[in-house]
Amino acid sequence: MPFWRALFRVPAGAALLFLALVLLPGPSFSQPTEPWTSPASASSAPAPSAPVSAQPASVAPTSAASPPSTDAPAPVAAPVPAVEHAPAHESPSIDARLPHDLSPWGMFLAADLVVKAVMVGLAFASLVTWTVWFAKSLELVFARRAVARTLDALQAAPTLFDAAATMPKDRGAAAATVKAALAEWKVSEGLPVEGIKERVAVALGRIEARAGRRLSGGTGVLATIGATAPFVGLFGTVWGIMNAFIGISKAQTTNLAVVAPGIAEALLATAIGLVAAIPAVVIYNLFARAIAAQKARLSDTSAEVMRHLSRDLDRAASGMEPRRLHAAAE
């Protein structure tokens, strides 16, 4: 009998344990089912609102606490649009002030009218500089060749008459010295020799002076451009910086995007002034040395003419070859 009792106690205990496990999670499953069904019923139809109000007071704090949760982030979200709108409000002024092209041509187009006038004037001055350099270089080359040919003829000829005969038909200052000496000798035939030499020296001096003035023509423009172009560019820079500060005051910002374009336009005027001035000064110095060298060659030619003239006058005074004077002068 005890064996049978023990046998029946084991299934009974197992049944009681299973019943306890089933009944204990029952309330836990029943509670979540109601929140899931109540929102569905509330969203589908407004009729179940009465049961929701009939819930215990524990649900009321959740519904009452929800309005503060919605009102709390409102003050935090309010400053966020204000911070985002501030740069958006300043961006149009920055974009309007900033030129589309920061190349030299773009900055020239975006510059003020006065700065544009300064840049155009400096560009024209630079064009004049290179034009004078080209024209004066050709003139000096041709004049140097003419003087070299005349000087070679004078040094190779035994007399002034032979030099005039073998000299090429040039119209330069060197050939003019030979022709002027022969012409003065022809006009002063029969007069004292010393007077002829003095008059020929005066005529040769005038030819040299006239040739020097002709060679120096145009170099004064180079000196003027080299001396004034930097100051003209500086004037454009000062004017451009004034406009840049005016733009800063209007934009009410010290942003580099607002300050940089105006200052860059102003500095472009100074750069163009230096581009116009530096070559002008260099070319002027080169021409000054070349013209001085050309005057020295022309002086050598005049000295060679005077040497031949003195020898020929002495020969003529002694009665040697007097009839060649008229033929050479013609």
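Just so it is clear, glycine is given a Cβ too, placed from its N, Cα and C backbone atoms.
Positions annotated as compositional bias 'Low complexity' by TrEMBL: 37-77.
According to TrEMBL, the feature domain 'MotA/TolQ/ExbB proton channel' maps to 176-298.
According to TrEMBL, the feature region 'Disordered' maps to 33-77.
For 113-135 (among others), the entry in TrEMBL reads transmembrane segment.
Using a Cβ-Cβ cut-off under 8 Å and counting only residues 6 or more beyond its ends in the same chain, the transmembrane segment (220-246) has close neighbours at 111-112, 114-115, 118-119, 121-122, 125-126, 128-129, 132, 259, 261-263, 265-274, 276-278, 280-281, 283-284, 287. Among the features that TrEMBL reports, transmembrane segment is placed at 220-246 (among others).
Away from its own ends, the transmembrane segment (266-287) comes close to residues 104, 107-108, 111, 115, 118-119, 122-123, 125-126, 129-130, 132-133, 136, 140, 219, 222-223, 225-241, 243-244 of its chain (Cβ-Cβ under 8 Å, at least six residues beyond either end). If you look up TrEMBL, you'll see 266-287 (among others) marked as transmembrane segment.
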For the domain 'MotA/TolQ/ExbB proton channel' (176-298), the number of residues DSSP places in helix, strand and coil
112 helix, 0 strand, 11 coil
Sequence-remote partners of the transmembrane segment (113-135) [C-beta within less than 8 Å, at least six residues beyond its ends]
218-219, 221-222, 225, 229, 232-233, 235-236, 239-240, 243, 265-266, 268-269, 272-273, 275-276, 279-280, 283
What is the average pLDDT across the domain 'MotA/TolQ/ExbB proton channel' (176-298)?
87
